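Worksheet: the structure to be examined is printed underneath.
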Amino acid sequence: MNLKNYIIIFDSSLGGLSIYKQIKKKFPYMNYIYVCDNKNFPYGEKDEIFILKRSIKIISTITKKITTILVILACNTITVTSLTTLKNFFNFPIIGVIPNLNKARKITKNNIIGLLGTKITIHHYYIQNHISLFVPKYKIKLLANNTLVKIAEQKIKNQLISTKNIKFILEPLLKKHNMPDTLILGCTHFSFLKEEIKKIFPKKIQIIDSKVHIPKNISTILARNLKTTNNNIAFFSKKIITTKTIHYLLKKYNFKKIKELNT
């Protein structure tokens, strides 16, 4: 394998496809590699040291024979725990995803904002410090939950999910006297549950996905690349059952090759 000019998108499973959709719209002519560490899904239940070591191992393995333009950590948990160290460890650009509090404060009308994420993400000092910039003017209601990630993964795989279970998880945000009118999804998996979440809230709620900010200098390099995207590859750390559902899903996202990543 000797591949050139790739954007690598890395997540613990399939939730990062929501980030791929964002980036693909902006840079449609790039070649993409999607790396899925499904052997260790979900990362929200792992400790920080494990996530960092695992991220270094996977990125090192996948970039050995690939000319990498950019690595995107398509996972809030990887971003808050490992981004700074990974940027110092590797010599190519690495960016992550963060909850978009700036957008939330601009569109909220009652100044009550919900933030939904995994336990590691919500309780991490990076997020806590970020939130402190917005209080007391804005009331930020935090909800940390790992089960919702698994529910989202089931939906992505076209499996049946229970709206009742989602409602039970969201119950702390549904109290009438201080219900948020804006909800930030602090996990890329949650983008796939938008419709269910909207139906659960009794009032109209604005839902905001995690934000990917690509620095201007990298955007310029990517914009120059005119290569047609026809060589996208998806890597899984654990051999998947090659069901029609997974094949259809990846084909829909233009990933024609599925390979196992031996790590």
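Placement of Cβ uses the backbone N, Cα and C atoms for every residue, glycine included.
Over in Swiss-Prot, the protein carries these features:
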type	residues	note
BINDING	ASP11, SER12, TYR43, GLY44, ASN76, THR77, THR188, HIS189	substrate binding site
ACT_SITE	CYS75	active site, proton donor/acceptor
ACT_SITE	CYS187	active site, proton donor/acceptor
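DSSP assigns ASP11 (substrate binding site) to a strand. According to its DSSP assignment, GLY44 (substrate binding site) is helical. When other Cβ atoms within 10 Å of the Cβ of GLY44 (substrate binding site) are tallied across all protein chains shown, the result is 25. The two recorded residues GLY44 (substrate binding site) and CYS75 (active site, proton donor/acceptor) have their Cα atoms spaced 10 Å from each other.
The number of other Cβ atoms within 10 Å of the Cβ belonging to THR77 (substrate binding site), over all protein chains shown, comes to 31. Taking Cα separation as the measure, CYS75 (active site, proton donor/acceptor) is nearest to THR188 of the binding-site residues TYR43, THR188, HIS189.
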